[in-house]
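J.: Before I ask anything, here is the structure I am working with.
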Amino acid sequence: MKFVLLFGVLLVTLFSYSSAEMLDDFDQADEDELLSLIEKEEARAKECTPRFYDCSHDRHSCCRSELFKDVCTCFYPEGGDNEVCTCQQPKHLKYMEKAADKAKKFGGKIKKWFG
């Protein structure tokens, strides 16, 4: 039994040492890569399509609201043959955002009363 325990401790020690070395190598090698990805993400975020604007050129370019991303919704106007696409917020997400806002305000009041 002592041999199994000693072998287990040795195995855990070797595993933790090797994983720590791998993490150090990963952190040093990919730090610059991570910064470049963050810069690209910031640049991409500036190109979003505002709510109720045309999104037919890129249906995944709608901006985010407070909690959720808007959705590109396409429809045919009455009496027209051309498809129109605009960024819109689905009603269920709108209601969820309102409920979250009310919960935040109520939480602030509770904190004020008891804090």
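Backbone N, Cα and C atoms are what each Cβ position is placed from, and that goes for glycine too.
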J.: Based on what Swiss-Prot records, which one of Cys72, Cys74 is disulphide-bonded to Cys55?
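T.: Candidates were Cys72, Cys74; Swiss-Prot matches Cys55 with Cys72.
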J.: Check for me: which candidate out of Cys74, Cys87 does Swiss-Prot give as the disulfide partner of Cys85?
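T.: Matching partner in the record: Cys74.
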J.: Cα distance, Cys74 (disulfide bond) to Cys63 (disulfide bond), nearest Å?
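T.: Checking the Cα atoms of Cys63 (disulfide bond) and Cys74 (disulfide bond) gives a distance of 16 Å.
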J.: Near Cys48 (disulfide bond), which disulfide-bonded residues out of Cys72, Cys74, Cys85 have their CA within 10 Å?
T.: none
J.: Among the disulfide-bonded residues listed here (Cys48, Cys63, Cys72, Cys74, Cys87), identify the one with the smallest other-Cβ count within 10 Å.
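T.: Selected from the disulfide-bonded residues Cys48, Cys63, Cys72, Cys74, Cys87 on minimum Cβ neighbours within 10 Å: Cys74.
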J.: Round to a whole number and give the Cα-to-Cα distance in Å for the pair Cys87 (disulfide bond) and Cys74 (disulfide bond).
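T.: Approximately 9 Å lies between the Cα of Cys87 (disulfide bond) and that of Cys74 (disulfide bond).
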